[in-house]
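Asks: One structure is given below, represented as structure tokens, and several questions about it will come after.
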Amino acid sequence: MEGASFGAGRAGAALDPVSFARRPQTLLRVASWVFSIAVFGPIINEGYVNADSGPELRCVFNGNAGACRFGVALGLGAFLACAAFLMLDVRFQQISSVRDRRRVVLLDLGFSGLWSFLWFVGFCFLANQWQRTTPGPGTAQAGDAARAAIAFSFFSILSWVALTVKALQRFRLGTDMSLFATEQLGAGAVQAYPGYPVGSGVEGTETYQSPPFTETLDTSPKGYQVPAY
């Protein structure tokens, strides 16, 4: 994008809500936000079932409480991060400092890459624990919730990988320094170089002291006399 700084235009420009909503990055954030709810929501509501041996509750994923806690923590973290980065996307156009814009993009890139990896780990962990779960009345009751959490964990991998790619593209766009006032230069620090003096095109007659080749030639060398006949 020509004339842009890290994927955004001139600082202080008005934000078009329609174009912002249609941006691929915005759609990916909303999708990731919805996927995160679809992961931690079912686990919180139906992820704990009554144990066969007593009234205590146990995690539906093979009775492993760590699996339920990990899924809830991962989903809640993604939910809050999507909301925060969405607000940063709205305010990104108003950030005038190129250095601050670069920090926001780097933060987005690092967090998206990290959460893509965590979603992959979470998907493998939940799928493995669900595969080892012994069938039972409680398991059958919460089976749909468990499968939904696993499925949307997989979808979250795709959406967060896509967000990582978009953040990398924004970072590679770099910045057009001509759009922003640099923080290093103060007012009046830039001085123009003096231009080359331009003449009038007419040379003065005093430029030359004497015209060339006008010296008087001495026809009689010193010490020589013309003989008289």
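One is the number of the first residue shown, and numbering goes on along the chain from there.
Glycine residues also receive a Cβ, built from the backbone N, Cα and C atoms like all the rest.
Okay, so TrEMBL annotates it like this:
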- 209-219: compositional bias 'Polar residues' (COMPBIAS)
- 20-172: domain 'MARVEL' (DOMAIN)
- 209-229: region 'Disordered' (REGION)
- 26-44: transmembrane segment (TRANSMEM)
- 70-92: transmembrane segment (TRANSMEM)
- 104-128: transmembrane segment (TRANSMEM)
- 148-168: transmembrane segment (TRANSMEM)
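Each of these features: where is it, how hidden is it, and who are its neighbours?
Replies: Confidence annotation: the domain 'MARVEL' (20-172) carries a mean pLDDT of 91 in the model.
Tertiary neighbourhood of the transmembrane segment (70-92): same-chain residues 8, 15, 20, 25-26, 29-30, 32-33, 35-37, 39-41, 43-44, 47, 61, 101, 104, 108, 111, 115, 118-119, 122, 125-126, 149, 153, 156, 160, selected by CB-CB distance under 8 Å and a gap of 6+ residues from either end.
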Asks: Which bits of the chain, at least 6 residues beyond where the transmembrane segment (104-128) starts or stops, bring a Cβ under 8 A of a Cβ in it?
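Replies: Sequence-remote neighbours of the transmembrane segment (104-128) are 6-7, 39, 61, 67, 70-71, 74, 77-78, 81, 85, 88, 92, 95, 146, 149-150, 153-154, 156-157, 160-161, 163-164, 167-168, 170-171.
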